[in-house]
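A quick write-up on the structure given underneath.
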Amino acid sequence: MEDVHASAAAAAKANPDDRQGAGSQVPSVAARHVGHELPFVAPSSYLRPRPNTRAMPEAQPKPMSPLDKEQMQGLRQIRDFLKVRTSYDVLPLSFRLIILDNDLLIKRSLNILIQNSTTPDARLLGPDAEADRTASLDIVSAPIWDSHNSTFAGLLTSTDYINVIQYYCQFPDQLNQIEDFRLNRLRDIEKAIGVVPLETLSVHPMQPLYEACRQMLKTRARRIPLIDVDDETGRQTVVSVITQYRILKFIAVNNENNTVMLKKTVREISLGTYTDLATARMGNTVLDVIHLMVERNISAVPIVDKENRVRNVFEAVDVIPCIKGGVYDELESSVGDALSKRADDFPGIYTCTEEDRLDSIFDTVRKSRVHRLIVVDNESHLKGMISLSDILKYVLLHGEEDEHA
C-alpha cells in the first residue's frame with residue numbers, strides 16, 4: 001500500500017499538466033476540504049447577454065373577426081343598459097319579502113322559510129307573470145334585522161344551515177344546545193368550525209345596477225340586499241334582495257336584441273369549470289355531499305352514475321327539507337331519498353354542450369328558472385359546470401382589459 005501511495009504522489013509531481021487538467025473537472029464532495037477549494041472560473045464575456053440597441057416593434061393586436069366584433073358590441077350594449085338602470089328596476093311588480101329578527105331561533109327561521117316557499121298567484125304578478133312567478137317560487141334566503149340597533153344584520157341563506165350541520169358533526173355533544181341557538185349565534189358557529197363568513201354587503205336600491213353587479217362579483221355572495229337609508233334619521237330600511245338569477249333574467253327579458261349578438265360557443269369563450277369537478281352518487285349520504293360542498297366551497301354537486309353520466313344535481317337548498325323540524329337523522333339518508341322530497345313543480349336540471357352558444361343560454365334563462373347549467377357530451381357524460389357567476393362575470397368583465405389598455 002505504501003508503494004502505491006508513493007507512486008501516486010510521484011506521478012502527481014512528475015505530471016503537473018495532468019494535475020491541472022484534473023483540477024479543471026468538478027471535484028467530488030470528498031475533495032472539497034479546507035485548503036483545497038478550487039477557484040471559480042470567471043465567465044467569458046462572450047456568454048454575457050448584450051443590451052439590445054434596436055427598438056423592438058410593438059406587438060400589433062390580433063384583428064377582430066366579424067364574430068368577435070358582434071360579440072363585443074352585444075356585451076357593451078348590455079353594460080350600457082345596466083349602467084342606466086337601477087337595482088330597484090330588477091324587482092318584479094309584486095314580490096314577497098321575509099325579514100327575520102336577529103333573536104329568532106334558528107329552527108324557527110327554518111320553518112318560516114319552508115312555510116313561505118309556496119307558489120304565488122300568477123294573477124298578482126303583472127303582465128310578465130310567468131317570468132316573475134318562476135323567480136319567486138322558492139324563498140331560500142332572508143335578511144336578518146337587528147331590532148336592538150335597528151340595523152341590517154346580514155342575510156340568512158341555506159349555507160348558514162349547512163354550517164349548523166357542520167357544527168353538529170364537529171361537536172356532537174352540543175346537539176341539545178343547537179335547539180336553542182338563535183340567529184345572532186351564526187357568526188359564533190362560523191368561527192367554531194373555521195368557516196370564512198360571507199361579507200355583509202348591501203347596496204342602495206337607486207344605485208346603478210352595473211355597480212351592484214360589480215360589487216357582487218368582488219365577493220362570494222350570489223345575492224345582495226337593497227338597503228335604503230333615511231336622509232334625516234339615518235334609519236335603514238330593507239327594500240328587498242336581488243340575486244344573480246334575477247339580474248340575468250332581467251338582462252335576458254329586456255335585452256333580447258343584444259343577447260342575440262352573443263353567438264360564440266361555450267367552448268370558444270371558455271365559460272365554466274371543467275377540471276377537478278366534485279361529484280357524488282345516488283347512494284351517497286346527504287352528509288357526504290354536505291361535507292363535499294363545504295370542503296370545495298360550492299353550492300351544488302352533480303350526481304352521476306358509475307359511467308359518469310349525469311343523473312341529477314344536489315343543491316344546497318336540498319338540505320333544508322332534510323333538517324325540517326330540527327331532526328338531523330335524515331342527514332344519513334341517501335341522496336336519492338333526499339332528492340325525492342323536492343316539490344312536484346321542481347323545474348329539473350338544465351344541461352348544455354360546449355358547442356351551445358351564449359345567446360341560446362340567455363334564451364333559456366329568459367324562459368325558465370335556471371340556477372346553473374351542467375355541461376355534458378352527446379351521451380350525457382359530465383364535462384363541466386356553468387354557474388350564474390360565470391355568466392355574469394363574462395358579461396361584465398370580458399374584454400374590459402383590452403378596452404382600457
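Any Cβ shown, glycine's included, is placed from N, Cα and C.
As written in TrEMBL, here are the features:
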type	residues	note
COMPBIAS	1-14	compositional bias 'Low complexity'
DOMAIN	195-259	domain 'CBS'
DOMAIN	273-330	domain 'CBS'
DOMAIN	345-403	domain 'CBS'
REGION	1-29	region 'Disordered'
REGION	41-67	region 'Disordered'
If you average pLDDT over the domain 'CBS' (345-403), what do you get?
-> 93
Can you count helix, strand and coil residues in the domain 'CBS' (345-403) using DSSP?
-> 24 helix, 16 strand, 19 coil
For the domain 'CBS' (273-330), what are the DSSP-based totals of helix, strand and coil residues?
-> 24 helix, 15 strand, 19 coil
